[in-house]
Amino acid sequence: MGSKSPEDHRQGPDGGSADAAVTIINPPKSAAASGLLQGMLEGQDEDGDDDDDEKTGINVKTYDGAKKKRKRNKKKSKKVAVIQQTFPPRIPLATLFDNQPYPEGQIVDHVVKDDNIKRTTTEELRHVAALNDMDDDFLKDYRKAAEVHRQVRHHAQTIAKPGVSMTRLAEEIDEGVRALTGHTGLETGDALKAGLAFPTGLCLNHVGAHWTPNAGAKEVILKHDDVLKVDFGVHVNGRIVDSAFTVAANPVYDNLLAAVKAATNTGLGEAGIDARIDHISEAIQEVMESYEVELNGKTIPVKAVRNITGHNILRYRIHGDKQVPFVKTKTDQRMEEGDIFAIETFGSTGKAHLRDDVGVYGYGRNENMSPAVLHQSSAKSLLKTIDANFGTLVFARRQLERLPGVEKYHLGMRTLVNSGLVESYAPLVDITGSYIAQFEHTVLLRPNCKEIISRGDDY
């Protein structure tokens, strides 16, 4: 989920060297290979025999009085009990893995930097806080969220074909996340335990980010010549995995998708402890803008979008205070041990500068505003519902409307937005007729390595 640059938009909850070598220690596993099939053999050795069978016999006298051993028949092997994910995926991961560890992401060695600078006191405090969050459940929660994302997006990729409606696609993703995390989000506070980290983004063509279908709007159907960006997040106990991909049925857009995917992988390769963000941004832009696209007989350069960025992720907060632009920039910020980053890139055939469009993508609580300014009872009640069910997570109208007892909330929401207690987020668009692609992964900067937690066989 992209973060708008601070000079263009007030930040809300939604809102290294180029030739460094990257060593892959542990390649990614596909969802199918990392938990879709699981079985157990109970009380069996490899050959299916019990040990006692080989040691025990029955003494039988022969006609000449000699003793002869009669071997017992070997027990037949029991059949393997197989648990297989359904299509669409609806079996919770807790059932599928049965207390087995969730798959790792892609493990990559840190690149040693020789241009380190002394951290300030503020940076040290932030560093300590990040490491303290890495408790015993940290990797378990993150790997579970990542595996949910892989399985749900695999299903989404199979149905994201021309003719599918955006409403159906969004519902399939939303319901898949809820089913696999085991949290429907209907009971008060349940969505804060695990589920959607932000509204599922389904952006077509010149719409770059922050669009999702809502009830009452005109239905949008995917067409053969569309470029669709699918951006959704999964959280487990507030540990957020943010990952996105682009699909296009028409091969004319292949170079656009290849440019953005290569740029994202470049950013992931450059990311690491003490990596300079300005170096990462420059490397991303260089790769992205080395590509061209042939559209309607014209050769069009792929441009890196200038005013939306990658970002670090905090617990229950999709956007932290660090940003990773896709264009060359001046900043002294560095990545630090314990940081979690959403490394994403957007490439456009248009102006590569996004602006707010009409409509509302989602809402997010502004923690810096006190509810003491509220006097309207309906607004107070709605704010209480938001705090209890979403906290600092960004949510869409359809997520709010499915909660029991929520109805006729529009006046209260308008009051909350006008008072600054809740922020609303509009779709972000380039010029009409342009095409934008996006790819994104979440990377954990662990003390001894970086783990691209959302990596899969697909991208």
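Positions of Cβ are set from backbone N, Cα and C atoms, glycine also.
As recorded in Swiss-Prot:
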- 1-79: region 'Disordered' (REGION)
- 1-12: compositional bias 'Basic and acidic residues' (COMPBIAS)
- 43-54: compositional bias 'Acidic residues' (COMPBIAS)
- 67-79: compositional bias 'Basic residues' (COMPBIAS)
- HIS210, HIS319: substrate binding site (BINDING)
- ASP231, ASP242, GLU440: divalent metal cation 1 binding site (BINDING)
- ASP242, HIS311, GLU344, GLU440: divalent metal cation 2 binding site (BINDING)
| request: Inside 10 Å of the Cβ of GLU440 (divalent metal cation 1 binding site), count up the other Cβ atoms and send me the figure. | output: 26
| note | Check: min Cα-Cα distance from GLU344 (divalent metal cation 2 binding site) over binding-site residues HIS210, ASP231, ASP242, HIS319, GLU440 goes to GLU440
| field | HIS210, HIS311, HIS319 as binding-site residues, winner by CB count within 10 A | value | HIS210
| field | Cβ contacts of ASP231 (divalent metal cation 1 binding site) (under 8 Å, same chain, 6 or more positions away) | value | MET1, GLY2, THR200, GLY201, CYS203, ALA209, ASP242, SER243, ALA244, GLN438, GLU440
| field | Length of the line joining the Cα atoms of HIS319 (substrate binding site) and HIS311 (divalent metal cation 2 binding site), in Å | value | 6
| field | For HIS210 (substrate binding site), the three-state class that DSSP assigns | value | coil
| remark: Mapped onto three states, the DSSP assignment of HIS319 (substrate binding site) reads coil
| Applying the rule Cβ within 8 Å of the centroid of the Cβ atoms of ASP231, ASP242, GLU440, what extra residues of the same chain belong around the divalent metal cation 1 site? | MET1, GLY2, GLY201, PHE232, GLY233, SER243, ALA244, ALA342, GLU344, GLN438, HIS441, THR442
| query | What is the interatomic distance between the Cα atoms of HIS311 (divalent metal cation 2 binding site) and HIS210 (substrate binding site), given in whole Å? | reply | 15
| field | Listed in sequence order, residues not in ASP242, HIS311, GLU344, GLU440 with Cβ within 8 Å of the centre of the divalent metal cation 2 site Cβ atoms | value | MET1, GLY2, SER3, ASP231, SER243, ALA244, GLY310, ILE313, PHE341, ALA342, ILE343, HIS441, THR442
| query | Where does HIS311 (divalent metal cation 2 binding site) sit in DSSP terms: helix, strand, or coil? | reply | strand
